[in-house]
Amino acid sequence: MINLIFNLLMIFLVITAFFMVFTKDISNSVIALPVFGVILVVIFVILQAPDAAMAEAIIAAGLTTVFFVITINKTEY
Amino acid sequence: MSKINERLKKLHTIALVVALAVFLLVVVYEIHNLDNNSKRYLSEHYISEGVRETGAINLVTSVLYDYRAFDTLGEATVILTAAAILSLLVPVSKATMLGTKFSIIVYQTTKFSIPFLAVLGVHLIFFGHLSPGGGFVGGVVLSIIPILLTITYGVEFSESKLKPAKKKLVEDIGAIGFILLGLLGVVTGSNFLANGQANFGPGNTGELISAGLIPYLNVMIGIKVGAGLAIIFNSLIKEK
């Protein structure tokens, strides 16, 4: 069961990464980044690395998104 | 002709991504087979002796703040340098953020989530040597508070609540305190940033005040990273 979930999450990770790179709208790309981070957090927890999971959660969902949002805001997109 | 060019451009991007994927697959495969050759004596030493030597249950923290504390000092210095240079280079001007009116839900949610963020950040910093977390992650959580205030209420409100001069003072206290705590190891007759080797005593393993210098180093790194990231964000938002 856990193997099935793990493989599904890996596939979703690849799908999210491709969506992030190839989408036209830049806001969609920025919002897809935390989704990628959340999936990666679950994978880290399955791999028993809570330290890396916590750092990934707070940096991907909090910091990087905020910095990207403020950059898009500044460029008057 | 232009159509073919566009197709080629797309193909070029996809080929780059595929090449990178194959390269990473090879690298990961090599790393995966690492335990075949017997070069893991260092990690085995950390795993078997780490708790006894440093007194920290969280082995990641014991590596970050004891065995490899000098690397942590370097990482912290990067953030200090970035914050100092940004606040030097960015001109002091009225902050302009392209206005977006939020609904009342956003304001109320921000208000309610800030105390939880503060408690979570302080818990992560103080229990860094006992549970997952540590100074860096806790500091980032604490720095989210002024960032949320800036985004929802504007720069003026955020800087009237948390003055920039105070943030700079807190960051400097963190930076200098880390080095002074490191010099404590030299004073007691050991190396710079020594913790397990110096005779501080690991204390009762599992208590809050244990593991020698590690809790204090965690606090210093936490306040330094939190204040530094807040300064970086507020400087960037003021930039035209």
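Note that Cβ sites are derived from N, Cα and C of the backbone, with glycine treated the same way.
Just so you know, TrEMBL annotations are computer predictions that nobody has curated.
Residues or ranges marked as transmembrane segment in TrEMBL: B:12-32 (among others).
Per TrEMBL, the feature domain 'MrpA C-terminal/MbhE' maps to B:14-88.
The annotation transmembrane segment is assigned in TrEMBL to B:73-92 (among others).
Helix, strand and coil counts under DSSP for the domain 'Na+/H+ antiporter MnhB subunit-related protein' (B:107-229) come to 86 helix, 0 strand, 37 coil. Taken from TrEMBL, the feature domain 'Na+/H+ antiporter MnhB subunit-related protein' covers B:107-229.
Residues annotated as transmembrane segment in TrEMBL: B:112-130 (among others). Long-range neighbours of the transmembrane segment (B:112-130) within the same chain, counting only residues 6 or more positions beyond its ends whose Cβ lies under 8 Å from a Cβ of the stretch, are 55-58, 61-62, 65, 137-139, 141-142, 144-145, 148-149, 206, 208, 210-211, 214-215, 218-219, 222, 226.
Sequence annotations record features per position, and here TrEMBL assigns transmembrane segment to B:136-155 (among others).
Residues annotated as transmembrane segment in TrEMBL: B:175-194 (among others). Distant neighbours of the transmembrane segment (B:175-194): 69-70, 73, 76-77, 80, 200, 213, 216-217, 220-221, 224; these residues of the same chain sit at least 6 beyond its ends, with a Cβ under 8 Å from one of its Cβ atoms.
Packing against the transmembrane segment (B:214-237) from elsewhere in the chain are residues 54-56, 61-62, 65-66, 69, 72, 76, 79-80, 82-83, 86-87, 90, 95, 97, 121, 124-126, 128-129, 134-136, 138-143, 146-147, 150, 155, 158-159, 162, 164, 167-168, 170-171, 173-175, 177-178, 181, 195, 208: each is 6 or more residues past its ends and has a CB under 8 Å from a CB in it. According to TrEMBL, the transmembrane segment annotation covers B:214-237 (among others).
Only residues 6 or more beyond the boundaries of the transmembrane segment (B:136-155), in the same chain, are considered here, and those with a CB under 8 A from a CB of the stretch are 75, 95, 97, 102, 106-107, 110, 113-114, 117-118, 120-125, 128, 161-162, 167, 218, 221-230, 233-234, 237-238. In this model, the domain 'Na+/H+ antiporter MnhB subunit-related protein' (B:107-229) carries an average pLDDT of 83.
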